[in-house]
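Only one structure is covered here, and it is reproduced in the block below.
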Amino acid sequence: MARDKIALIGSGQIGGTLAHLIGLKELGDVVMFDIAEGVPQGKALDIAQSSPVDGFDAHYSGANSYEALDNAKVCIVTAGVPRKPGMSRDDLLSINLKVMEQVGAGIKKYAPDAFVICITNPLDAMVWALQKASGLPAKKVVGMAGVLDSARFRYFLADEFNVSVEDVTAFVLGGHGDTMVPLTKYSTVAGIPLPDLVKMGWTSQARIDEIVDRTRNGGAEIVNLLKTGSAYYAPAASAIAMAESYLRDKKRVLPCAAHLNGEFGVKDMYVGVPVVIGSKGVERIVEIELAGKDREAFDKSVAAVQGLVDACKKIAPDLLGR
């Protein structure tokens, strides 16, 4: 049986990490695309030469033309300018919006049946623009945000309680930014909700609040430490979890930036919510109940995303007609 074709649009740090993980998990053949001549070709060759050592079979190629995306089953988009110290995700908007228009046109022409995962920041606005530019069904275009944010939350909680990350579940909703909403009542250790663990004396509410705040600023913390770029190992691993659920019809429940059209009271926007990802793309949006402070925080996050989307509409009004 022929292997699935996975196109990586953008061959920087995340793109290279994605390519290697795809091989290690034997998810399919890889084509790496980038506008920088030689970069996708060189990285593809380098990773391909690791296959005899790592023990996987896959075909790798690099390209500078969108034609290489032809018939890709999955497209993962990392193209754009990375976030740098002192730069907010909002600062990236106008530059990366133009990139999404170009990428969307390429996907529309050569891979109209693909499942598309966007990683480019500011994420919630960029995945909205990418879906508009590509014209693909909304259920086939998602943004990688919640899996990463939840993974950071899980790691910090596991470290706090000195338990395995495998026994920690966490939910982070809303936009991928400072207004994200880590939900403590839906986050557990071996099935025990965080509020109960506070009552049991395992930790304090003040400490949980500190972890929530660190989760919200998880990306910025790494940017400030690296000084030359942003995170790439965890973002790549998060996108691979989404791609694998689609390719293997695993139907995992994952928090992603998904298109909402009435769910959670939101219309025509991409916001981080739990979804089921299977062979049809986003097969179900899990509309959990939000009340009190959680609802207020979610609405605030949605408003922040709306602000970015409105800015996109002003910069590229023609997107609305697609």
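A Cβ is built for glycine as well, from the same backbone N, Cα and C atoms used for every other residue.
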Report task. Out of D4, D29, D34, D113, which one does Swiss-Prot list together with G10, S11, G12, Q13, I14, G15, N96, I119, T120, N121 for NAD(+)? Result -> D34
Report task. With a 10 Å radius around each C-beta, find which of these recorded positions (R152, H176) has the fewest other C-beta atoms nearby. Result -> R152
Query raised in the report: Largest pairwise Cα distance, Å, within the listed NAD(+) binders G10, S11, G12, Q13, I14, G15, D34, N96, I119, T120, N121?
Result: 17
